[in-house]
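Report on one structure; see the data block that follows.
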Amino acid sequence: MKTVLVDWNLIPYAEAWQRQTEWFDTLVRAKAQGEAYENRIIMCEHPHVYTLGRSGKENNMLLNDDQLKAIQATLFHIDRGGDITYHGPGQLVCYPILNLEEFHLGLKEYVHLLEEAVIRVCASYGIEAGRLEKATGVWLEGSTPRARKICAIGVRSSHYVTMHGLALNVNTDLRYFSYIHPCGFIDKGVTSLRQELKHEVPMDEVKQRLECELGRLLNEKKQQIAQ
C-alpha cells in the first residue's frame, strides 16, 4: 500500500487529534476487512498545548488552570504512551499513521526508526544527537550532565497500526518547557535546532528532511522484506 504525506500546517490540537483518530480507525478497520488503505505521515504545528500520556503524572504539570490560561495554553489527557510534553509554534510534530506489519516492524523497532530519522535530520545540520538508555526520544550529550532533549516521542499502537508520533524542537519557544517536568524528568534540559545553531531554521526545510529520512528508512524495511 502507498504512503502519503499530509501537511496540516498550524492546527489546533483537538482538531488534529480528532482527524488522526478518524484516519487511525479507518486504517484499523480496512486492515481487518482486507480492504485497500493508505498509510499517512502527517506533519503540523500546534498552538501552545500540553499533552499528558497514559502513564503521566499530574504533578509534572506545574501550572493550575488559571495559569495555563494566562500563557494561552491548554492541557489534554491523551491515549499515547509517555508522560507530559509541550507542543507549540516552531515545533515540528509528525504523526505517522502506519500499518507496521506492512514494514515488518514491532512497536519497539518502530520507535527506534523514528529516533533514527530525527538523529539523521540533526546530523544534516551538523548536530550530533543520539539516544538515552531507558528514555525514549532524541537527545544531545545524553550521557553527560548537559543532557538535553531535542525530540519527544510518544505513540499508540493497536493491531499494529500507529498514531501520535514525534515532536522535534525547531524554532520552539523553550520557555514553555519550564512550566512542566518534560517527559517526567526533573534533572534534564530541552533544546532546539535554533538553540544549537544560534539561528532560525526554515520549518519547510526541516519537514522535507524528516520526510526524506522517514521515507528512506521505511523503504529500507520494505526492501529487506522483498529479499
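Keep in mind that glycine also has a Cβ here, set from the backbone N, Cα and C atoms.
What Swiss-Prot says about this protein:
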- 35-222: domain 'BPL/LPL catalytic' (DOMAIN)
- Arg80, Gly81, Gly82, Asp83, Ile84, Thr85, Tyr86, His87, Ala152, Ile153, Gly154, Gly165, Leu166, Ala167: substrate binding site (BINDING)
- Lys149: site 'Lowers pKa of active site Cys' (SITE)
- Cys183: active site, acyl-thioester intermediate (ACT_SITE)
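Of the recorded residues, Tyr86 (substrate binding site) and Lys149 (site 'Lowers pKa of active site Cys') place their C-alpha atoms 12 Å from one another. DSSP classifies Arg80 (substrate binding site) as coil under the three-state reduction. Comparing Ile84 (substrate binding site) with Lys149 (site 'Lowers pKa of active site Cys'), their Cα atoms are 13 Å apart once rounded. Highest local Cβ density among the binding-site residues Gly82, Gly154 belongs to Gly154, counted as other Cβ atoms within 10 Å over all protein chains shown. Of all Cβ atoms in the shown protein chains, 25 besides its own fall within 10 Å of the Cβ of Ala152 (substrate binding site). The DSSP secondary structure for Ala152 (substrate binding site) is strand.
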